[in-house]
Structure formats: structure tokens, C-alpha cells
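Contents: one structure, followed by commentary.
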Amino acid sequence: MKRLVSVPWSLFFGLLLLILTIVGLIGNVVVIVAIGGDKKMRRTAMNMLLFNLAVADALNLVTTTVEWSNTVLLGSPEWVLPAIFCPVARYLEITFLFASIMTQLIVCVER
């Protein structure tokens, strides 16, 4: 397997991916807990849309991070996970992204 990116750059981008993933997950989990944990906040349509957006974004973040972490850390675009995970990861990523975009569209119409 030939590296397309040097080791220092792989470590830099790997650390950047890790930081962005952690920050994104913390933000989405805070929204999920805040809205999901308060019965009063779950009564409005806008809050439920924001809850849905946080769930879709968190799932998309996890799926995308798992998919790209191999490429970033190994410095090569080769798929190292079992072959069945390639189409499954792509399907989940597209599904969660579509859910996120549609939720944002509904939020725009609702406002």
C-alpha cells in the first residue's frame, strides 16, 4: 500500500478529524439531551425539528468519521475494513445526509 500523504500530514489531519468529531458529537449530544430530556421543549415543532437535525448530524458525523479515518490515518484511499462495510457506510452516510438536508429545508419553510 503506497502512501499518498506523508506521516506528519496524516497525523495532523487525523488529529484535526478527531477534534472536529469530538466537538461535533458534544454539540449534537447537548442538543439531543436538552430537547429530549425536557418534556416542555418537545412540545413545539421547531424543537422537534432541531432534535431530528441533531440526531441526523450526529449519525452522519460518526459514519463519515469511520469511513474517512482509515484514509486519513493510513494516507491511502484503500478500503481496509471488510468489503460489506463499504456500501453500507456509503448508504448510511447518504441517508443521514439526506435526512439532515430535508430537516434544514423544513426548518426554513417553518420559520
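A Cβ is built for glycine as well, from the same backbone N, Cα and C atoms used for every other residue.
No curator has checked TrEMBL annotations; they are predicted automatically.
Marked as domain 'G-protein coupled receptors family 1 profile' by TrEMBL: 27-111.
Beyond the ends of the transmembrane segment (12-37), by six or more residues, the same chain brings 5, 47-48, 50-51, 54-55, 57-58, 61-62, 65, 68-69, 72-73 to within a C-beta distance below 8 angstroms of the stretch. The annotation transmembrane segment is assigned in TrEMBL to 12-37 (among others).
Per TrEMBL, the feature transmembrane segment maps to 49-68 (among others).
According to TrEMBL, the feature transmembrane segment maps to 88-109 (among others).
Residues 46, 49-50, 52-53, 56-57, 59-60, 63-64, 66-67, 81 of the same chain lie 6 or more positions beyond the ends of the transmembrane segment (88-109) yet place their CB under 8 Å from a CB of it. Residues 17, 21, 24-25, 28-29, 31-32, 35-36, 42, 89-90, 92-93, 96-97, 99-100, 103-104, 106-107, 110 of the same chain lie 6 or more positions beyond the ends of the transmembrane segment (49-68) yet place their CB under 8 Å from a CB of it.
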